[in-house]
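What Swiss-Prot records for this protein:
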- 28-201: topological domain 'Extracellular' (TOPO_DOM)
- 37: N-linked glycosylation site (CARBOHYD)
- 59: N-linked glycosylation site (CARBOHYD)
- 59-188: domain 'C-type lectin' (DOMAIN)
- 69: N-linked glycosylation site (CARBOHYD)
- 80-187: disulfide bond (DISULFID)
- 106: N-linked glycosylation site (CARBOHYD)
- 118: N-linked glycosylation site (CARBOHYD)
- 137: N-linked glycosylation site (CARBOHYD)
- 154: N-linked glycosylation site (CARBOHYD)
- 164-179: disulfide bond (DISULFID)
- 169: N-linked glycosylation site (CARBOHYD)
- 180: N-linked glycosylation site (CARBOHYD)
- 202-222: transmembrane segment (TRANSMEM)
- 223-552: topological domain 'Cytoplasmic' (TOPO_DOM)
- 268-546: domain 'Protein kinase' (DOMAIN)
């Protein structure tokens, strides 16, 4: 495996290097082509865009438009700004000649962007309304004639304070006049320079770079996932089987019918264990190495083939946990089906709750709390550790076996489909028409989720605490009563200790402890499935209440 990992890593690094060289070659090609065509780039790759009906200027950087509206300089400037520009500013003799031709073809004079400025520090000077235009070129306009009532020449400083510039076709190329005078005007805006081939180069660069980055990221991600999965597989091999979600017990095998008859003494009544005979019965037996097992005999079925049966048992046998009854093997013989699982010494929970075995003693509070906690751990394993999740679907007192230390072991995991439908109906539709352990969404809408198991556990938890069955006869007047119909009035009256099983006479818990357990019961049995807690949360809550069992 290590050699394969090194080989894969070398191949991946080689692929990344090749892609990087390909990217550099592509970029060099683009760079060389750009360098060789640098001379013709401006001519062939750039286009100048102007607004409709505007004309490009001599320097290819501005667009100009003539407007014949006769108005003042201020209003002309405001109008030009609506286009995102200003009155025309002149930075060269070419621009002056261009604006003169644009204006003189229509009228005698037009406003442009020049205006007088008079300050106490710098004195009188000319400036342009467009701040991006260079300062006034004195060599171009050494002396601007002023045509106002101030007379020709520069006039007084007070007269020159509100003078604006216009172009003309007369002897003077430009002249100054009162800004409130009315003239046509010429506006200028920056041209929009577009690159024809730049977009193509950018697209090529983006595609090549994106491909390189995506491929590199995908390879790195694959390497990380592969390395992580490899570590996970190694850890599963050395981890504790109790924490694994798919550990196959080494003793799992397919038995012959002769082997089963031999180990159960031909399924004698002496070897028959207490249980539900309607499903075929359960018998005790022993393997050749002396290990005790239980053999569950299922009723004949013509709907399931041998291959399907073995497949289901194999899948169920992988679900190994200390609080789940382990499957040791199975047998299929001419339609007869048998399941062999580990023997749990103390038998089913319902016997200890309702019919204490001869020579046994009633369950005290600590025992019951330990049973509930270990059972919750087994269910939480099915919901949270197994992928995909396993829904038990048939959590009830007779499906919980107790070991010698009164730890719970959940039986029938993954085997609910082997129980005939009519038997399921008899189990779930209990006396009085109630549905016992089944969640309402499963009964009425056939919706089965892990939350259905949480509901069933809540019913069973109340049964463990109270010693009452999910449905039980009261008297001739009341008839049958569900466990919640009995418990709810006591809960509402805060009579917590009256909920306890009357056989609990020693080691009674405090009322607040019983209240916490009953609150957990009602939390698990809420009508809305999404409001029920996860089994891992239930385990945590119960572990906070568990007290060490008394050693007697």
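Each Cβ is built from the backbone N, Cα and C atoms, and glycine gets one as well.
Overlay of Swiss-Prot annotations on the structure.
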{"residue": "59", "record": "N-linked glycosylation site", "DSSP class": "coil"}
{"residue": "69", "record": "N-linked glycosylation site", "DSSP class": "strand"}
{"residue": "80", "record": "disulfide bond", "DSSP class": "helix"}
{"residue": "137", "record": "N-linked glycosylation site", "DSSP class": "coil"}
{"residue": "164", "record": "disulfide bond", "DSSP class": "strand"}
{"residue": "169", "record": "N-linked glycosylation site", "DSSP class": "coil"}
{"residue": "179", "record": "disulfide bond", "DSSP class": "coil"}
{"residue": "187", "record": "disulfide bond", "DSSP class": "strand"}
In whole Å, note down how far the CA of residue 164 (disulfide bond) lies from the CA of residue 180 (N-linked glycosylation site).
9
Please report the distance from the Cα of residue 164 (disulfide bond) to the Cα of residue 59 (N-linked glycosylation site), rounded to the nearest angstrom.
25
Do you know the mean pLDDT across the domain 'C-type lectin' (59-188)?
79
If you count Cβ atoms within 10 Å of the Cβ of residue 180 (N-linked glycosylation site), leaving out that atom itself, what do you get?
12
I need the nearest neighbour of residue 69 (N-linked glycosylation site) among the recorded positions 59, 169, 187, using C-alpha distances.
187
Here the disulfide-bonded residues are 80, 164, 179, 187; which one has the lowest number of other Cβ atoms no more than 10 Å from its Cβ?
179
Take the C-alpha atoms of residue 137 (N-linked glycosylation site) and residue 187 (disulfide bond) and report the distance between them in angstrom, rounded.
20
C-alpha of residue 179 (disulfide bond) to C-alpha of residue 80 (disulfide bond): distance in Å?
16
Is it possible to get the count of other C-beta atoms within 10 angstroms of the C-beta of residue 169 (N-linked glycosylation site)?
15
